[in-house]
Amino acid sequence: MSFLQEVGKRRTFAIISHPDAGKTTITEKVLLFGNAIQKAGTVKGRGSNQHAKSDWMEMEKERGISVTTSVMQFPFNDCLVNLLDTPGHEDFSEDTYRTLTAVDSCLMVIDAAKGVEDRTRKLMEVTRLRDTPIVTFMNKLDREVRDPMEVLDEVESELGMACAPISWPIGCGKEFKGVYHIHRDETILYESGHGHEIQEVRTIKGLDNPELDAAVGSDLAESVREELELVMGACPEFDHELFLAGELTPVYFGTALGNFGVDHMLEGLTDWAPAPQTRQANERDVVATEDKFSGFVFKIQANMDPKHRDRIAFMRIVSGTYTQGMKMNHVRTGKNVSISDAVTFMAGDRSRAETAYAGDIIGLHNHGTIQIGDTFTQGESLKFSGIPNFAPELFRRIRLKDPLKQKQLLKGLVQLSEEGAVQVFRPLQNNDLIVGAVGVLQFDVVVARLKAEYNVEAIYEGVSVATARWVDCTDGKKMDEFQRKNQANLALDGGDNLTYIAPTMVNLNLASERFPDVQFRATREH
């Protein structure tokens with residue numbers, strides 16, 4: 001297969017949803033259809049150790065949440081799909097955010113009983129920055145749900161996207177009978193109890209087919225016909241151009257737990273979602289089909305293999321081809337490196353990559369030299385833009401139970417901060433270590449991982465910090481004066497960038513008024 005064909009069949013997407021909307025379950029079912037897993041792992045029988053395939057750090061298994069972003073690749077419909085699973089839990093917004101910079105489209109999963117929820121709103125704001133195309137799956141139709149029309153209106157008004165239904169539900173909860181596929185003009189009937197296998201489904205052609213009345217009852221059949229007449233009148237038809245511009249989303253209905261409707265959504269995704277896209281670098285725009293290799297690191301994860309203390313840097317290939325043993329230029333350090341052992345992923349199972357193309361995600365073994373946002377090329381000096389770091393909103397001071405382990409603690413914290421699990425600040429005037437996070441759960445994760453991976457027992461104490469800002473100034477003299485007068489509030493972050501640690505928001509506002517030439521930034525590009 002030619003290089004252009006290889007790139008053209010790639011589809012790289014992430015799933016976004018509010019916690020508990022069913023994202024991990026959908027991931028399972030998607031992989032089941034991609035033949036990657038024979039029996040979906042969400043079915044945790046008594047005493048069975050078959051946990052969901054994409055939730056694989058110990059803590060995730062205990063809490064039933066996906067904390068780290070996994071990457072899974074599988075074939076479907078003549079395409080090769082790269083699925084990036086993102087943490088659904090409240091606290092992992094930074095990791096999730098960065099993952100969204102590495103995809104070409106997104107699948108939005110909505111709990112049809114609840115509609116648009118807070119976390120979905122936040123993540124959608126991120127996708128709007130790059131006008132990422134969105135496919136929508138309305139989940140949990142096998143439970144009692146809200147009026148589907150009402151939920152579509154909510155998506156339109158709250159997320160600013162027009163909705164074009166591709167399928168429409170017939171009943172819900174115990175009365176859920178299946179969906180009518182608008183594009184195919186056929187009804188697909190639902191049978192419960194087939195959640196963990198691909199089932200043979202019965203289809204009925206045409207809306208006016210008397211078989212439909214026999215299958216679902218004439219009252220329900222009649223009300224669906226009336227509903228669909230309204231839907232066809234009120235909702236726009238699917239328009240591919242508007243979809244690619246991020247202005248319209250195709251909507252599918254189903255139940256991930258019952259494994260129903262997921263395949264229709266996958267077909268839509270592979271048919272319509274874009275192949276790898278052109279990306280902006282500071283120097284120029286890079287087209288996916290260029291010959292020369294380029295890629296950027298959007299995430300670093302420590303110790304994917306508990307037996308080896310290694311770290312893996314996840315890289316999105318932007319253009320060209322990766323081949324085993326090729327030389328590439330690590331732009332930030334200026335060094336040429338030869339990469340012979342990159343890996344591809346199937347959540348938790350790693351295999352060595354022989355070749356990979358634009359759109360693929362590969363893992364590089366990282367011995368402390370790679371950071372988030374790093375660019376690798378075949379010699380050209382490029383820096384891909386738009387991979388931000390956020391100022392944390394919560395802070396704790398971290399203390400050791402055994403004071404002799406200060407060195408291991410610092411090493412562990414710096415490594416964890418490089419992979420974006422947490423941010424660490426070292427005040428200039430004392431030996432404290434302050435840890436900053438976007439959500440509370442990150443603190444628990446850090447203590448658990450320090451113990452498991454670095455054999456360091458640490459505890460937290462409260463600290464009077466309201467927020468942190470990265471500071472810089474083009475005028476060297478003014479910067480020196482600012483540093484002299486604010487020594488007590490300055491710290492270095494994990495990457496040795498100067499940071500202003502504000503005890504209160506009032507303090508921050510006063511400091512920025514007193515030093516108008518100094519810039520206080522709430523985000524920093526990696």
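Every residue gets a Cβ built from N, Cα and C, even glycine.
Here Swiss-Prot flags 8-277 as domain 'tr-type G'.
For Ser17 (GTP binding site), other Cβ atoms within 10 Å of its Cβ number 24. The feature GTP binding site is assigned by Swiss-Prot to 17-24, 85-89, 139-142.
Around the Cβ of Leu141 (GTP binding site), a 10 Å sphere holds 27 further Cβ atoms from the protein chains shown. Here the binding-site residues are Asp20, Thr86, and the one ringed by the most other CB atoms within 10 angstroms is Thr86. On the 0 to 100 pLDDT scale, the model's mean across the domain 'tr-type G' (8-277) is 83. In the three-state DSSP reading, Thr86 (GTP binding site) counts as coil.
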